Amino acid sequence: MTGKLLVLDNIRKNFGAIEALKGISFSIGKGEVVALLGDNGAGKSTLVKIISGGLQPTSGRMLFEGEEYQAKSPAQAKDAGIETVYQDLSLCTNVDVVGNFFMGREITRKVAGIPILDERAMETITRKALTDAGTRIPSLRTKVEHLSGGQRQAIELNRFVHWGGKLVLLDEPFAALGVEQTRRGLDMIRHVANQGIGVVIITHIMQQAFQVADRIVVIRHGVVAGDVERSKTSPDAVIEMITGQTLAGAGPASG
Amino acid sequence: MTSQTRKILEFVLDNLVWFMLAFVLAVFSALIPNYFQTGIFTNIIEASSVLGVMSIGLALVIITGHMDLSVESVAALSAMAVGILFCSAGIGIGIKLSPEWLMVPVSLLVACAIGALIGFFNGFLVVKLKMSAFIITLASFIWVRGIVLAISGGRSAQDLAPAIRWFAIERLLGIPLSAWIAIACFLLFSVMMAKTPFGRHLVMIGGNETATFRAGIPVNRNLILAFVMAGAIAGLAGWLLAIRTSGATANLGVGLLFNAFAAVVIGGISLKGGVGGLPGVYAGVLLLSSINTAINLMGLPANYTQVIHGLLVLAAVLLDMFKQRLRARLA
């Protein structure tokens, strides 16, 4: 298991009497794109929240870059280099585009010892990041509440591309995007992975998973039902893993 | 619509309360005899200092999407503490410090510390125990006033030490120093809200608390700090109140909460959080104060002020709705 970015070892999570995760183990390599698939309620979002510090696992352990890792808050996960794009967008719609892009990471300059927001510097960087990604937003000083769903999602995606880190978790990032924007989003993911950043993407759309992922991990009823390289499987086989028509036989041993 | 007209319209919407203030002042000056004179205007500014300071604290907490109903009682308690310590008549024990000016920072510290402590108590319960800010601060509103009544025994303190009184008497450009303190507070906290990361984070927490938490912003710490600030600012308002009345009575400042509320809402701060700025609140306070002055000058019974304030709050909420619709159409 050398060269692995994140290793999950027997992660369990109980909500009261309900076992959401019953011992999840898999790993993500540097520069690798892993598509996490599974039916509704399979435990994908719970798993993402555990990695990103939003939830604590009931038991099990994680190794991040070979070291014991356990985030108690999203802030700790970010400090470790793990970025997350959530299913329900994490934007403050009452603040402008620049403010959202730099949320929690504002550039400041000291005036008499007091940190003052450096709006101009932040606007320049935001404009460059958005232009590079081909996202068009008329005014960066518009409050996000006035933007369309697609534009909002584009801001989130550009934010993770810009901040990068070491591992990126994407929880259904393309739900509100059009065809062209989705294609661009998938390109973005490849671009990020090529820089050596690990990517975990949750999606419901088989086609997207096969377009972008190196490896496909299927979760079913809180356990890993399949962990296969993309090139060695087919959409039909994956669907069977998701719905449970074949058991763990589709895993790496036989794949 | 061209971008030019759109920009102008946005600007007008953002600063609507200032235009209202200018309009109201112009109308009063034209229609009410003796309204248009410097003395009246400085009087408006002077009369709005206590309310203004208190409104800042209330606005801070409302911007984060919470509520602080205790500011009025906190101000009363701070005023009473200052009164008891530094008044020489009534229930005052008349502590003397030498040099005399030392009484100013000490009394100020006492007032703000009492406020900050109650603010911390409120904030801790709201944030850590996830209790409703409305209920917690309503309780504080009641029990803090109860303490004021208990420690004063319903009696009052008079004759505040002259060294402290100095702030209400001494004038700079015709405006008493106590009013300058209020103006300085507005400037200071406006800069904090608009220009520092802390202020920006408070606005964002009011907009989407989950998002700010996920972004790694220390939401709980910031929220508790906002409550502590609101308390300390209310303490400062109490200090100003004690100075203005040269002492403290058990029912000092009753009704200020609702005026502060009116000022905050009229000033364009949305009760759902995340919207509005402090300069607007100051305009709201001045607007209320100008209307009070007009009522006084016209010789109407003072009881009407309450009716007018109530209607103003209603008008402000309606206006807020109207503004939001207009903005949605602009976008």
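Every residue gets a Cβ built from N, Cα and C, even glycine.
Nonlocal intrachain contacts for the transmembrane segment (B:12-32), taken as residues 6+ away from its ends with a CB within less than 8 angstroms of a stretch CB, comprise 266-268, 279-280, 283-284, 286-287, 290-291, 294, 297-298, 319, 323, 326-327. If you look up TrEMBL, you'll see B:12-32 (among others) marked as transmembrane segment.
Positions annotated as transmembrane segment by TrEMBL: B:44-63 (among others).
Per TrEMBL, transmembrane segment is recorded for B:75-95 (among others).
Per TrEMBL, the feature transmembrane segment maps to B:101-121 (among others). Long-range contacts of the transmembrane segment (B:101-121) within the same chain, counting only residues at least 6 positions beyond its ends with a Cβ under 8 Å from a Cβ of the stretch, are 68, 70, 74-75, 77-79, 81-82, 85-86, 95, 140, 144, 161, 163-164, 166-167, 224, 227-236, 238-239, 242.
As annotated by TrEMBL, transmembrane segment applies to B:133-152 (among others).
The feature transmembrane segment is assigned by TrEMBL to B:172-194 (among others).
Annotation comment: TrEMBL describes B:223-242 (among others) as transmembrane segment. Tertiary proximity for the transmembrane segment (B:223-242) is limited to same-chain residues at least six positions away from its ends with a CB under 8 Å from its CB atoms, namely 49-51, 53-54, 56-58, 60-61, 64, 66, 68, 70-72, 74-80, 82-83, 107-108, 111-120, 122-124, 126-127, 160, 164, 167, 178, 181-182, 185, 189, 198, 202, 205, 248, 252-253, 256.
For the transmembrane segment (B:248-269), the residues of the chain that approach it from at least six positions outside its boundaries are 14, 16-17, 50-52, 54-55, 58-59, 62-63, 69, 71-72, 75-76, 79-80, 82-84, 87, 141, 148-149, 152, 154-157, 237-238, 241-242, 275-278, 280-285, 287-288, 309, 312-313, 316-317, 320, 323, judged by C-beta separation under 8 angstroms. If you look up TrEMBL, you'll see B:248-269 (among others) marked as transmembrane segment.
TrEMBL lists B:281-298 (among others) with the feature transmembrane segment. Among residues of the same chain six or more beyond the transmembrane segment (B:281-298), those with a C-beta under 8 A of the stretch's C-beta atoms are 17-18, 20-21, 24-25, 28, 32-35, 40, 43-45, 47-48, 51-52, 55-56, 59, 183, 186, 259, 262-269, 304-305, 308-309, 312, 316.
Annotation source TrEMBL lists transmembrane segment at B:304-322 (among others). The list of residues near the transmembrane segment (B:304-322) in space but at least 6 beyond its ends in sequence, with Cβ under 8 angstroms from a Cβ of it, reads 16, 258-259, 261-262, 265-266, 268, 270, 284, 287-288, 291-292, 295.
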